[in-house]
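Novice: Quick one: the structure is below, and I'll ask about it shortly.
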Amino acid sequence: MPEPPAYESTITPPHSVNLQVSLGRVQLANPILVASGTFGYAREMESLVDLSRLGGIVPKTITRLLRKGNAPWRTIETPSGMLNSIGLDNDGIELFISHHLPYLASRNTALIVSIAGRTHDEFVEMAEMLSAESGIAAIELNISCPNVSGGVDFGTDTSMCERLVSACRQNSSIPIIAKLTPNVTSVADMACAASAGGADAISLINTCQGMAIDWRRRRPLLGNVVGGLSGPAIKPIALRAVYQAARATETPIIGIGGIATCDDVMEFLVAGATAVQLGTVNFYNPKASMEVLDALPEAIGELGATCLDEIVGTLNID
Amino acid sequence: MSDAQGSSVQSPLAAAHYADSANQYRVVVTENERLARDTYRVRFACPELAATIVPGQFLMLKLAKTDDPLLGRPFALYDTVLDTAGNPHAIDVVYLVVGKLTARLAASRSGDAIDVWGPLGNGFSSQPVEHLIMVAGGIGQTPFLALGREFLGRRQYGVPPRVIQPAKKVTLCYGVRSLDLLSGVEDFKGCGIDLQIASDDGSVGHHGLVTEVVEKVLTENSAAVCRIACCGPEKMMEAVAGIARAHSVPCEVSLETPMACGIGICFSCVVKTYQPDGDWDYKRTCVEGPVFDCEKIAW
Ligand SMILES: Cc1cc2nc3c(=O)[nH]c(=O)nc-3n(C[C@H](O)[C@H](O)[C@H](O)COP(=O)(O)OP(=O)(O)OC[C@H]3O[C@@H](n4cnc5c(N)ncnc54)[C@H](O)[C@@H]3O)c2cc1C
Ligand SMILES: Cc1cc2nc3c(=O)[nH]c(=O)nc-3n(C[C@H](O)[C@H](O)[C@H](O)COP(=O)(O)O)c2cc1C
Ligand code: FES
């Protein structure tokens, strides 16, 4: 086949690509968000990232009361990934509201506040407390943190999950996102439960449980013995989870897990994610979210699409 | 800047030293020279970083275009390198091979790409002092060439350049396991630092612990006009903090906590510090330190 002439572009120009997406009642300027626990309280990133370009920010999960978090070592690198057991180190919801919220809510981007309760009632109480505040686009229920006991039950038991999402929806005017764990037999069943509870969107995955050992000392490497695996190593697991959840429910999916480049983002969109969150990559390439945003319109244009709807969930499996 | 930022800076919860002048750069190795056993000095051009970084600050360094190792690693500024016009244009980092990244870095050649982000952390105090005593254990020597040069009035750092009233004397008490691990001696002596070496095996300098050398320096000089800046293994820094307390000498320690991001977003680099109310809390070394007043650390 003859080479096409050099002046003839084979790629559709990206000029008219519309990046807006909606997640239930939440409207985002674009599908690129940053994941809870991997972007601090955003203030830290001010010199490296133009926060207003992000589709949204999910700050570190907050709890009802202050938590000092787990003893070090809290992270350890593993092949193409890392294990963490931070243990939800945070200052509690009241100090979050007084000290971090004013900054976060005025960044010209969607603010999604991640919360974790020890009990059903604590989750609901926190969702209520946030409803009294302005500037919050959505609440993400972290029912999937592997590093604190309690939290994960809501993410592994379908009826607890549905009841929790539904109660938070009833008691809060702010849209609700349920963040799911991959450490279950059926991600699809959990997604259906969150959907039945009325979730505006479902984000997945949180980290995969794992551990690392120093055999010479016969010691675990993490202070907490086990932790959560993240980074490129878990991307195939996350893609599978997004694909299965998207087929099982109509509720929009936010894909998370090992996303580092624009190609990764496109894979998640095609698999069925309406938006994505960048996590661990912020640690080793702090400008990754900006690089992805720079490259995204052209990648969408390459598929001949002009908006995200023409891409999301278009995986061809025949 | 906005009020929100102002209030978050004053907030007791907000970190003291956000990476506000930090940027991320892809740079190229121009030199990678062996200095001692398992010890190398890597040089790369990065005028923006060289202009802004101050002694005791660090940068994150990651091998480019690979997921193995995945994360960057923190390294102190060894020194900046000036161009022919006298402007800072390159950075020297001195490192000890201890694991995956440092081993691969040691094998890197001129022309290899690395990713760096910085300047990070707070750096050592710029308050004037008559006699600055720097105490290093092993590879903990790396922050002290730049700090010594600055306090001897030989070099300025930062934009605008920090103005520091020169100290009358700058001593480096430098403990190593053995002579073959000793590095940077010419650099230290060349800029006028009073160098006092100790080795575990007696192969160089005082045969014994560096803390014994620190005791000696404090007794022979007037402790009242001294300040200590210390970097090395935790046990050694704790011991130096004890000596400083006994002599009522202010003491800063630079912690070498393992880090995943260096910019305050992962909460993995925490250290137990005393709070004003007497209780302790975990603080992020990368944005609250790495340099701390030794009295704040809950050893
Ligand atoms: C502010 C700062 C400045 C520094 N400056 C310098 C410098 O100028 N020169 C220099 O040589 N080094 C410096 N270090 C130390 C340097 O960062 C480490 O030596 C480096 O990260 C080692 O990387 P590696 O991949 O070679 O080793 P790795 O393969 O990561 O492991 C090295 C060693 O650390 C242990 N380790 C790994 N992960 C953890 C963890 N999470 N917690 C505790 N231990 C762990 C491993 O068991 C192993 O013994 C500095 C550290 C800090 C915090
Ligand atoms: C150090 C670290 C801390 C995390 N903390 C939280 C958290 O507080 N809340 C939460 O919902 N997820 C947390 N996560 C999970 C991430 O948000 C994300 O779901 C997961 O890391 C997978 O994405 P990634 O591979 O892109 O990192 C954390 C992950 C890491 C690595
Ligand atoms: S290294 Fe990530 S918060 Fe300090």
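Even glycines carry a Cβ here, placed using N, Cα and C.
The active site, nucleophile annotation in TrEMBL covers A:Cys145. The FMN binding site annotation in TrEMBL covers A:Ser36, A:Lys60, A:Thr61, A:Asn142, A:Lys179, A:Ile205, A:Gly231, A:Gly257, A:Gly258, A:Gly279, A:Thr280. The substrate binding site annotation in TrEMBL covers A:Lys60, A:Asn84, A:Ser85, A:Ile86, A:Gly87, A:Leu88, A:Asn142, A:Asn206, A:Thr207. Annotation source TrEMBL lists domain 'Dihydroorotate dehydrogenase catalytic' at A:19-298.
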Novice: Among the binding-site residues A:Ser36, A:Asn142, which residue has the fewest other Cβ atoms within 10 Å of its own Cβ?
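Specialist: Minimum Cβ neighbour count within 10 Å, taken over the binding-site residues A:Ser36, A:Asn142, occurs at A:Ser36.
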Novice: Over all shown protein chains, what is the count of other CB atoms within 10 A of the CB belonging to A:Gly87 (substrate binding site)?
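Specialist: A:Gly87 (substrate binding site): 20 neighbouring Cβ atoms within 10 Å.
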Novice: Whole-number answer please: how many Å between the C-alpha atoms of A:Gly231 (FMN binding site) and A:Asn142 (substrate binding site)?
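Specialist: A Cα-Cα distance of 19 Å.
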Novice: List the binding-site residues among A:Ser36, A:Gly258, A:Thr280 whose C-alpha is within 10 Å of the C-alpha of A:Lys60 (substrate binding site), in sequence order, or say none.
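Specialist: Close binding-site residues: A:Ser36.
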Novice: Please name the residue among the binding-site residues A:Lys60, A:Lys179 whose C-beta has the most neighbouring C-beta atoms within 10 angstroms.
Specialist: A:Lys179
Novice: Please state whether DSSP places A:Gly258 (FMN binding site) in a helix, a strand or coil.
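Specialist: SS state of A:Gly258 (FMN binding site) = coil.
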Novice: How big is the gap, in Å, between the Cα of A:Thr61 (FMN binding site) and that of A:Asn142 (substrate binding site), rounded to a whole number?
Specialist: 7
Novice: Measuring Cα to Cα, how many angstrom lie between A:Gly258 (FMN binding site) and A:Thr207 (substrate binding site)?
Specialist: 10
Novice: For chain B, which of the binding-site residues A:Ser36, A:Ser85, A:Asn142, A:Thr207, A:Gly258 fall under 8 Å by Cβ?
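Specialist: The answer is none, since no candidate qualifies.
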Novice: On the three-state reduction of DSSP, what should I expect for A:Gly231 (FMN binding site)?
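Specialist: The residue in question, A:Gly231 (FMN binding site), is coil (DSSP, three-state).
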